Amino acid sequence: MTLENLHTAFLKSSGISTDSRKIKKNQIFFALKGDNFDGNQYARNAIDQGAKLVVIDDEKYKTDKTFLVDDVLHCLQNLAQFHRRYLNLVIIAITGSNGKTTTKNLINEVLSQKFKVKATEGNLNNHIGVPLTLLSFNTTHEIGIVEMGANHQGEIKALCEIAEPNYGYITNFGKAHLEGFGGIEGIIKGKSELYEYLISVNKKIFINADDPIQVAKTQKAKVYTIGEDTLSDCRVKLVEANPNVNIDFCGKKINSQLLGAYNFKNISIAIGFGIYFGVEFKAIKKAVESYKPENMRSQIIIKNDIKILLDAYNANPTSMEAAISALQKVKSAHHSVILGDMFEIGKTKNEEHQKVIDLVLDQNFQNIILVGETFYQLASDLKNINAYQNVNELIKNLNQFDFDQNIILIKGSRGMQLENLVDAL
Ligand code: ATP
Ligand code: MG
């Protein structure tokens, strides 16, 4: 079977599955391998469940319904690239350290006002997720938005070669996945692979005009600039972030439901894409104003006389600093923080956690509560800080704190499970 035949079979199928437990009738099953499993073993099972075809790379499992290839993952990626070329729709790629999903969702809302758009579902943004995203596009779609995630060099380049984007935007260069990228310089280099790709094919790059690294990195590129800078192609201004982000565009206001000054950037870019693609301002405003953040990403929760800024979806040094500085901008009688450990930092783990400790000690917070092994090690003896090894320890001790009339920032890495605090507070 050739790639072309496989594609024809795909068009007639009811889609792709990579999980034999969830297979639906007439799907094509790709028998991927992981660290702890080998999809080939489930080939038979997938066929029994109604799979139309199973792509395998182990001859042992061959039947008349299998397609044997050298490498199932490569085959999935090649099929996705073939399909992308076949559809020839406009593809927008979004990468960066923080805010990819939020930015992707906002651009999707805005462009959907005028076009038929399909974007990455949830967080399917890696070497498997990007191909699956491309394969979810069909002939009815005019624009595809693809979130690209990476935790090491070369990954974004590879994803670009599969998705062949026409436009791209990097949310920021932040200290996320420091370990895999080898420091901040490594992150800038790794994420910039999107720029390099777009420059090499002479396509347009969207940039945040207020980010000097983005500006410097794209001097030789075709760019569309968005930001507070007066020379921006799309000029926007942050009116306030108290805590909702409100924006001014040419004297017209947009009042979002998103919190945290960092969301100003995410919204601005969505406005920029809307303007560039000819969406009317009224429709852009409607799209942004009706957008609510996904679960645990910068949510506001009101409980009696306390307000909780819940941002327990993830954390890294850059987003931690952004969230703390966003908290300070919110008007409230008292401010408190409950912060959890940041994972995947590598060698500079203690240094980065120490910076957060220094930063919070410098503010006028009523309660500073830190949770997690690393914070506990560094801060358990410090005056003005209460540190706990895990969230359950904190919950047991919660009643000793006074949160009356407070706004409380809750933020930590996903694994810290700080969302459990919301019910306890
Ligand atoms: P992931 O790597 O998990 O895919 P992501 O890049 O898609 O993450 P989001 O899910 O949109 O990011 O947001 C996660 C968190 O990142 C938010 O809750 C917020 O704390 C922080 N964040 C969002 N946007 C920015 C930004 N522009 N700058 C810094 N931090 C941000
Ligand atoms: Mg994401």
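Cβ from N, Cα, C; glycine included.
The domain 'Mur ligase N-terminal catalytic' annotation in TrEMBL covers 14-60. On the 0 to 100 pLDDT scale, the domain 'Mur ligase N-terminal catalytic' (14-60) averages 94 in the predicted structure.
Feature annotation from TrEMBL assigns domain 'Mur ligase central' to 94-272.
In the three-state DSSP scheme, G96 (ATP binding site) is classed as coil. Sequence annotations record features per position, and here TrEMBL assigns ATP binding site to G96, S97, N98, G99, K100, T101, T102.
The annotation domain 'Mur ligase C-terminal' is assigned in TrEMBL to 297-414.
Ligand 2 lies under 6 Å from the Cβ of none of the binding-site residues S97, N98, T102. Across the range of the domain 'Mur ligase C-terminal' (297-414), the DSSP-based residue counts are 46 helix, 32 strand, 40 coil.
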